[in-house]
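Have a look at the structure below, then the notes.
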Amino acid sequence: MEEIFRETAMAYCNGGSEEQKQDTKKFFNFLDKDGDGILSMQELIDALNCDNEVFMKFDRDNNGTLDFQEFITLNYAAAVNCRSKFRHNHSVFMDNLSLLEKQRQSSLERDPMESLRKIATTYYNKGSEHVKQLVKEFFNSMDINGDGQISLHEFLSFMKEEGYSQMSNPFFFKVLDKDGNNILDFDEVLMLYYVMRSGRRFCEGCGCFLDGMYLTCVSCFETDAHSFCICFDCYCDNKYIHKHSNFLDNFALLEMKRQEALKAKKAPKSAPQCGQYECNLSGGCGIHVLFGVTVECIPKESE
């Protein structure tokens, strides 16, 4: 019976994905504190808080250590034992780190422009008739031959004529062309309109369109007419040339500006001091501050 259980454990391990096999090996190496390729009784007890009986049960050759195959049997037994302790409708489980990584990879595989398309569509649907008319006029101004669709030639001609040099390239046209049919329909041009109106940026390092999170130079944002924005890859790899070094991602920058606005709002307004001014209300300038009354305070004449 024990031999069948060991064979089942090995089959379960060998039939798993490469990621699962690597995770099992990593766990074994984590327990193997001295790195000798085997687990001593003390290493197992210290890590898993188990008793000697458990160790001896899986020490098949009774040599006082567990090799990797013996550990696989122990690992499988623990998994089987855990499953028998609860009832649930589903059988697929993942540890929290693996689940987060899977979600991260899934987000990377999604179309990064999809969120912008949804925002642009909502912006149009909830907009006023004036906004909708502006979008239609924008589309018609690009549709040179009036066939109800925008070709690459029409797109490039419009961008060049309007002075949008960063957008005037075939790569950005492909970014907008969701269905890949080499033309832009009204919905795809709608997203372009939203991108232009909302001030979306291109990376100053590699020139890619910044569709999600990016970094902005705080100094240029506050003082220059043109803000300096770069993608995370260019920022991490120092693939940019700029005179300032203070960068924040777009969400952090927005929060910083919000906090500054709140701080300014809460700051007490400066009021004339009664020692320097004569008030035309009884009680002096304190009344102005207390009730928010705006009155003229006359400077005292110098004695």
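Keep in mind that glycine also has a Cβ here, set from the backbone N, Cα and C atoms.
Outside the domain 'EF-hand' (19-54) by six or more residues, the chain places 13, 64-68, 71-72, 74-75, 98 with a CB less than 8 A from a CB of the stretch. If you look up TrEMBL, you'll see 19-54 (among others) marked as domain 'EF-hand'.
What TrEMBL lists as domain 'EF-hand' is 55-81 (among others).
Here the domain 'EF-hand' (130-165) is broken down by DSSP into helix, strand and coil counts: 24 helix, 2 strand, 10 coil. The domain 'EF-hand' annotation in TrEMBL covers 130-165 (among others).
Within the same chain, residues 111, 113, 116-117, 119-121, 123-124, 134-135, 138-139, 142, 148-152, 155-156, 164, 166, 209, 211 sit at least 6 positions outside the domain 'EF-hand' (172-199) and bring their C-beta atoms closer than 8 Å to a C-beta of that stretch. Positions annotated as domain 'EF-hand' by TrEMBL: 172-199 (among others).
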Which residue counts does DSSP give the domain 'EF-hand' (172-199) for helix, strand and coil?
17 helix, 2 strand, 9 coil
